[in-house]
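J.: Quick paste from Swiss-Prot:
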ACT_SITE  185  active site
BINDING   184, 188  Zn(2+) binding site
DISULFID  223-249  disulfide bond
CARBOHYD  49  N-linked glycosylation site
CARBOHYD  53  N-linked glycosylation site
REGION    270-293  region 'Disordered'
SIGNAL    1-19  signal peptide
């Protein structure tokens, strides 16, 4: 069942341009603690070996509401190519094992995240699942879950990245339609923070705890050459995939970020490659969108 009053609204939202990148990835406190422990242990022989040259099995799930949100196979191939190009220097590559398309108005509206993933997720904790959704709350371009050392079954199911389908190569999200949103969100999947401090103007802390990304007090927009938001040495990392610059401006991960990803891959590899145990999904809950508009 669909609510006709909702369809024009979602169609309008799906074609709206993104004024500024907005990411909904928030690290769990447990991840922050585990990261600090891993950084400390990295100085010992038991943690000296970092992972490199890993191929990550990847599944794309395209969520639609009728014609809204449809993505061609050609575009999905372009998206995986962008991902592989951007991560080439890291030693990680992504193999698109399969893709599927599901018509579900509830999921297309960014609702029932757990139900969607319970029904569609494939592979183990070391598998990347990407869900392309045409409308996300609060204008988000995407969000993704950070790796956990000992994830619960529920955390394994919720794992993966949800991406605004308008941000794929050739999409309608102006300035954010070269596929770099997926690159950015997968950075969180690999254990990376934003290069900027989440508290606007905070220059007292190194937000991502990586030495070769200068302290940055604000997210970037556009491609502001020479931007320097903090007095410490080094200008802002406007070309870094973990900033908020336009897609055309994003070109790199730092060596320190690459080392961080390689170090934290053990969180995912250590949790096994077997399929996640999924609960029986509940029928989608159809909200009364007439009262939301």
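Glycine is no exception: its Cβ is also placed from the backbone N, Cα and C atoms.
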J.: Looking at the disulfide-bonded residues 223, 249, which sits with the largest number of other Cβ atoms within 10 Å of its Cβ?
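T.: Output for this query is 249.
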J.: Let me spell it out: for each of the binding-site residues (184, 188), count the other Cβ atoms within 10 Å of that residue's Cβ, using every protein chain shown. Which one has the most?
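T.: Of 184, 188, the one with the most crowded Cβ is 184.
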J.: For residue 184 (Zn(2+) binding site), which of the recorded positions 53, 223, 249 has the nearest Cα in space?
T.: 249
J.: How far is it from residue 249 (disulfide bond) to residue 185 (active site), counting Cα to Cα, in Å?
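T.: Computed Cα spacing between residue 249 (disulfide bond) and residue 185 (active site) is 16 Å.
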J.: Just counting, how many other CB atoms are there within 10 A of the CB of residue 53 (N-linked glycosylation site)?
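T.: The Cβ of residue 53 (N-linked glycosylation site) has 9 Cβ neighbours within 10 Å.
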